[in-house]
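A.B. asks: From Swiss-Prot, for reference:
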- L7, S8, G9, G10, M11, D12, S13, S14, T15, L16, A17: ATP binding site (BINDING)
- C187, C195, C198, C201: Zn(2+) binding site (BINDING)
Amino acid sequence: MKAVCLLSGGMDSSTLACLAKHDGYDILALHFSYGQRTEEKERECAKRIARHLNALEFLEVDLTYLKAVGASSLTDYAMQVKAHEDAGDGIPDTYVPFRNANLLSVATSFAEARGADAIYIGVQASDYSGYPDCRPEFIDAFQKVITLGTRPDAGIILKTPFVKLNKAEILKIGMDLNVPYEDTWSCYAENEVACGICGSCHYRLEAFRQIGIQDPIPYR
(Lines of atoms letter the chains of each structure in order from A and count residues from 1; the text may use other names and numbers.)
(Lines give C-alpha, C1' and ligand atoms only; values in the text may rest on other atoms or scores of the structure.)
Protein backbone atom coordinates (compact mmCIF):
# COMPACT_ATOMS: atom_id res chain seq x y z
CA MET A 1 0.00 0.00 0.00
CA LYS A 2 1.12 3.55 -0.75
CA ALA A 3 0.00 6.85 0.75
CA VAL A 4 0.67 10.43 -0.26
CA CYS A 5 1.43 12.40 2.90
CA LEU A 6 1.29 16.18 2.89
CA LEU A 7 4.50 16.89 4.77
CA SER A 8 5.19 20.49 5.75
CA GLY A 9 7.89 19.58 8.25
CA GLY A 10 5.69 20.68 11.14
CA MET A 11 4.67 18.77 14.23
CA ASP A 12 1.28 17.58 12.98
CA SER A 13 2.26 16.55 9.45
CA SER A 14 5.37 14.74 10.69
CA THR A 15 3.34 12.80 13.24
CA LEU A 16 0.81 12.09 10.52
CA ALA A 17 3.43 10.65 8.15
CA CYS A 18 4.82 8.46 10.94
CA LEU A 19 1.29 7.23 11.68
CA ALA A 20 0.72 6.40 8.01
CA LYS A 21 3.95 4.39 8.04
CA HIS A 22 2.78 2.64 11.21
CA ASP A 23 -0.52 1.88 9.47
CA GLY A 24 1.41 -0.09 6.86
CA TYR A 25 1.75 2.43 4.04
CA ASP A 26 4.85 3.19 2.03
CA ILE A 27 5.22 6.95 2.06
CA LEU A 28 5.10 9.32 -0.88
CA ALA A 29 6.09 12.61 0.75
CA LEU A 30 4.63 15.77 -0.76
CA HIS A 31 6.00 19.16 0.26
CA PHE A 32 4.82 22.58 -0.91
CA SER A 33 6.68 25.84 -1.34
CA TYR A 34 4.19 28.70 -1.56
CA GLY A 35 6.32 31.65 -0.51
CA GLN A 36 5.91 31.14 3.23
CA ARG A 37 8.37 32.92 5.52
CA THR A 38 9.83 29.74 7.01
CA GLU A 39 10.01 27.68 3.81
CA GLU A 40 13.76 27.05 4.06
CA LYS A 41 13.44 25.49 7.52
CA GLU A 42 10.23 23.66 6.66
CA ARG A 43 11.83 22.05 3.61
CA GLU A 44 14.86 20.96 5.62
CA CYS A 45 12.65 19.36 8.29
CA ALA A 46 10.32 17.71 5.78
CA LYS A 47 13.29 16.09 4.05
CA ARG A 48 14.61 14.80 7.38
CA ILE A 49 11.26 13.23 8.24
CA ALA A 50 11.00 11.69 4.77
CA ARG A 51 14.44 10.13 5.22
CA HIS A 52 13.47 8.92 8.70
CA LEU A 53 10.52 7.10 7.12
CA ASN A 54 12.46 5.79 4.11
CA ALA A 55 9.92 7.50 1.87
CA LEU A 56 9.61 6.11 -1.63
CA GLU A 57 9.69 9.63 -3.01
CA PHE A 58 9.98 13.24 -1.87
CA LEU A 59 8.18 15.57 -4.26
CA GLU A 60 8.46 19.31 -3.76
CA VAL A 61 5.90 21.41 -5.61
CA ASP A 62 6.16 25.15 -6.24
CA LEU A 63 2.90 26.98 -5.49
CA THR A 64 4.37 30.46 -5.19
CA TYR A 65 1.36 31.87 -7.00
CA LEU A 66 -0.23 31.76 -3.54
CA LYS A 67 2.31 34.40 -2.49
CA ALA A 68 1.25 36.53 -5.45
CA VAL A 69 -2.38 36.12 -4.39
CA GLY A 70 -1.39 37.39 -0.95
CA ALA A 71 -3.80 38.27 1.88
CA SER A 72 -1.87 36.16 4.41
CA SER A 73 0.87 37.13 6.85
CA LEU A 74 2.58 33.83 6.01
CA THR A 75 3.28 34.98 2.47
CA ASP A 76 2.94 38.78 2.54
CA TYR A 77 6.03 40.09 4.30
CA ALA A 78 4.47 43.54 4.61
CA MET A 79 2.06 42.00 7.11
CA GLN A 80 3.26 41.18 10.60
CA VAL A 81 2.83 37.69 12.05
CA LYS A 82 0.91 38.54 15.19
CA ALA A 83 1.58 37.11 18.61
CA HIS A 84 -1.05 34.58 19.63
CA GLU A 85 -2.37 36.85 22.38
CA ASP A 86 -2.90 39.66 19.87
CA ALA A 87 -4.56 37.59 17.15
CA GLY A 88 -8.16 37.97 18.31
CA ASP A 89 -11.11 35.88 17.22
CA GLY A 90 -12.27 34.92 13.73
CA ILE A 91 -10.17 33.95 10.74
CA PRO A 92 -6.48 34.48 11.60
CA ASP A 93 -4.30 36.56 9.30
CA THR A 94 -2.12 33.46 8.80
CA TYR A 95 -4.93 31.91 6.76
CA VAL A 96 -3.83 31.42 3.14
CA PRO A 97 -7.01 31.73 1.03
CA PHE A 98 -8.27 28.31 -0.08
CA ARG A 99 -4.80 26.81 0.39
CA ASN A 100 -5.87 23.28 1.24
CA ALA A 101 -7.92 22.95 -1.93
CA ASN A 102 -4.78 23.78 -3.90
CA LEU A 103 -2.65 21.34 -1.89
CA LEU A 104 -5.17 18.52 -2.09
CA SER A 105 -5.62 18.97 -5.83
CA VAL A 106 -1.90 18.40 -6.35
CA ALA A 107 -1.93 15.53 -3.85
CA THR A 108 -4.74 13.87 -5.77
CA SER A 109 -2.84 14.13 -9.06
CA PHE A 110 0.26 12.69 -7.39
CA ALA A 111 -1.70 9.88 -5.76
CA GLU A 112 -3.47 8.89 -8.96
CA ALA A 113 -0.26 9.02 -11.00
CA ARG A 114 1.58 6.78 -8.50
CA GLY A 115 -1.28 4.40 -7.85
CA ALA A 116 -1.51 5.42 -4.19
CA ASP A 117 -4.34 4.15 -2.04
CA ALA A 118 -4.67 7.12 0.30
CA ILE A 119 -3.88 10.77 0.92
CA TYR A 120 -3.08 11.82 4.50
CA ILE A 121 -3.58 15.43 5.58
CA GLY A 122 -3.03 16.60 9.15
CA VAL A 123 -6.02 18.85 9.80
CA GLN A 124 -6.96 18.85 13.48
CA ALA A 125 -9.52 20.26 15.87
CA SER A 126 -7.83 23.58 16.69
CA ASP A 127 -7.32 24.25 12.96
CA TYR A 128 -10.93 24.22 11.83
CA SER A 129 -12.00 26.66 14.53
CA GLY A 130 -10.18 29.31 12.47
CA TYR A 131 -9.36 27.90 9.05
CA PRO A 132 -12.41 27.20 6.87
CA ASP A 133 -10.54 24.79 4.59
CA CYS A 134 -9.76 22.56 7.58
CA ARG A 135 -13.39 21.93 8.51
CA PRO A 136 -14.64 18.32 8.42
CA GLU A 137 -17.33 19.42 5.96
CA PHE A 138 -14.65 20.66 3.58
CA ILE A 139 -12.73 17.39 3.84
CA ASP A 140 -15.92 15.38 3.19
CA ALA A 141 -16.67 17.53 0.16
CA PHE A 142 -13.16 17.11 -1.20
CA GLN A 143 -13.43 13.35 -0.89
CA LYS A 144 -16.38 13.60 -3.25
CA VAL A 145 -14.26 15.69 -5.62
CA ILE A 146 -11.55 13.02 -5.57
CA THR A 147 -14.04 10.24 -6.22
CA LEU A 148 -15.73 12.09 -9.07
CA GLY A 149 -12.56 13.49 -10.63
CA THR A 150 -10.30 10.42 -10.77
CA ARG A 151 -10.44 7.14 -12.66
CA PRO A 152 -13.23 4.84 -11.50
CA ASP A 153 -10.72 2.28 -10.27
CA ALA A 154 -8.49 4.81 -8.46
CA GLY A 155 -10.21 4.38 -5.09
CA ILE A 156 -8.18 7.10 -3.37
CA ILE A 157 -9.24 7.68 0.24
CA LEU A 158 -8.64 11.01 1.97
CA LYS A 159 -7.53 10.26 5.53
CA THR A 160 -7.67 12.77 8.39
CA PRO A 161 -6.92 10.76 11.55
CA PHE A 162 -6.34 13.90 13.65
CA VAL A 163 -9.52 15.74 12.72
CA LYS A 164 -11.11 15.32 16.17
CA LEU A 165 -7.88 15.56 18.18
CA ASN A 166 -6.14 18.48 19.84
CA LYS A 167 -2.39 19.06 19.63
CA ALA A 168 -1.58 17.39 22.95
CA GLU A 169 -3.43 14.24 21.87
CA ILE A 170 -1.52 14.26 18.58
CA LEU A 171 1.75 14.69 20.46
CA LYS A 172 0.98 11.67 22.65
CA ILE A 173 0.50 9.57 19.52
CA GLY A 174 3.77 10.91 18.17
CA MET A 175 5.70 10.05 21.31
CA ASP A 176 4.43 6.47 21.06
CA LEU A 177 5.64 6.43 17.44
CA ASN A 178 9.04 7.92 18.36
CA VAL A 179 8.59 10.91 16.05
CA PRO A 180 11.88 12.89 15.99
CA TYR A 181 10.36 16.22 17.01
CA GLU A 182 13.81 17.81 17.04
CA ASP A 183 13.57 17.55 13.25
CA THR A 184 10.25 19.41 13.00
CA TRP A 185 9.42 23.13 12.81
CA SER A 186 6.22 24.96 13.64
CA CYS A 187 7.12 28.65 13.91
CA TYR A 188 5.38 30.95 11.44
CA ALA A 189 7.93 33.75 11.73
CA GLU A 190 11.52 32.51 12.18
CA ASN A 191 13.85 30.01 10.49
CA GLU A 192 16.61 29.56 13.08
CA VAL A 193 15.21 30.06 16.58
CA ALA A 194 11.43 29.77 17.00
CA CYS A 195 9.74 32.99 18.12
CA GLY A 196 7.70 31.28 20.84
CA ILE A 197 4.80 33.73 20.55
CA CYS A 198 3.06 33.18 17.20
CA GLY A 199 -0.09 31.06 17.16
CA SER A 200 1.71 27.97 15.91
CA CYS A 201 4.46 28.21 18.55
CA HIS A 202 1.85 28.83 21.23
CA TYR A 203 -0.14 25.68 20.47
CA ARG A 204 2.98 23.55 20.08
CA LEU A 205 4.48 24.69 23.38
CA GLU A 206 1.14 24.24 25.13
CA ALA A 207 0.92 20.65 23.85
CA PHE A 208 4.38 19.83 25.23
CA ARG A 209 3.48 21.46 28.55
CA GLN A 210 0.27 19.47 28.80
CA ILE A 211 2.06 16.14 28.54
CA GLY A 212 5.02 17.25 30.65
CA ILE A 213 7.80 16.98 28.06
CA GLN A 214 10.41 19.54 27.01
CA ASP A 215 10.11 20.66 23.40
CA PRO A 216 13.48 19.81 21.76
CA ILE A 217 13.64 22.78 19.35
CA PRO A 218 15.16 26.16 20.33
CA TYR A 219 13.01 29.16 21.29
CA ARG A 220 13.81 32.78 21.99
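Every residue number used here counts from 1 along the chain in the order it is shown.
Every residue gets a Cβ built from N, Cα and C, even glycine.
Remember, predicted model here, so these are calculated numbers, not experimental data.
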A.B. asks: 10 Å Cβ neighbour count around L7 (ATP binding site)?
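C.D. replies: Other Cβ atoms within 10 Å of L7 (ATP binding site): 31.
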A.B. asks: Near M11 (ATP binding site), which residues of its chain come within a Cβ-Cβ distance under 8 Å, counting only those 6 or more away in sequence?
C.D. replies: K167, I170, L171, G174, Y181, T184, S186, R204, A207
A.B. asks: Given the binding-site residues C187, C195, C198, find the one whose Cα is closest in space to the Cα of S13 (ATP binding site).
C.D. replies: C187
A.B. asks: Relative to the mean position of the Cβ atoms of L7, S8, G9, G10, M11, D12, S13, S14, T15, L16, A17, the recorded ATP site, which additional same-chain residues have Cβ within 8 Å?
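C.D. replies: The surrounding set, listed in chain order, is A46, I49, G122, T184.
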A.B. asks: Nearest to L7 (ATP binding site) in three-dimensional space, by Cα, is which of the binding-site residues C187, C195, C198?
C.D. replies: C187
A.B. asks: Nearest to C187 (Zn(2+) binding site) by Cα, among G9, T15, A17 (binding-site residues)?
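C.D. replies: Comparing Cα positions, the candidate nearest C187 (Zn(2+) binding site) turns out to be G9.
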A.B. asks: Of the binding-site residues C195, C198, C201, which one sits closest to A17 (ATP binding site) when you measure Cα to Cα?
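C.D. replies: Answer for the nearest of the binding-site residues: C201.
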A.B. asks: Specify the nearest of the binding-site residues C195, C198, C201 to G9 (ATP binding site), where nearness means the distance between Cα atoms.
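C.D. replies: Out of the listed candidates, the nearest Cα belongs to C201.
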A.B. asks: For C201 (Zn(2+) binding site), which residues in the same chain are close in space, meaning a Cβ under 8 Å from its Cβ, but six or more apart along the sequence?
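C.D. replies: The answer is H84, S186, C187, Y188, A194, C195, Y219.
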A.B. asks: Determine the most Cβ-crowded residue among the binding-site residues A17, C187, C195, C198, using a 10 Å radius around each Cβ and all protein chains in the structure.
C.D. replies: A17
A.B. asks: Around the Zn(2+) site formed by C187, C195, C198, C201, list the extra residues of the same chain whose Cβ is within 8 Å of the site's Cβ centroid.
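C.D. replies: Other same-chain residues with Cβ inside the cutoff are V81, S186, Y188, A189, E190, A194, G196, I197, G199, S200, H202, Y219.
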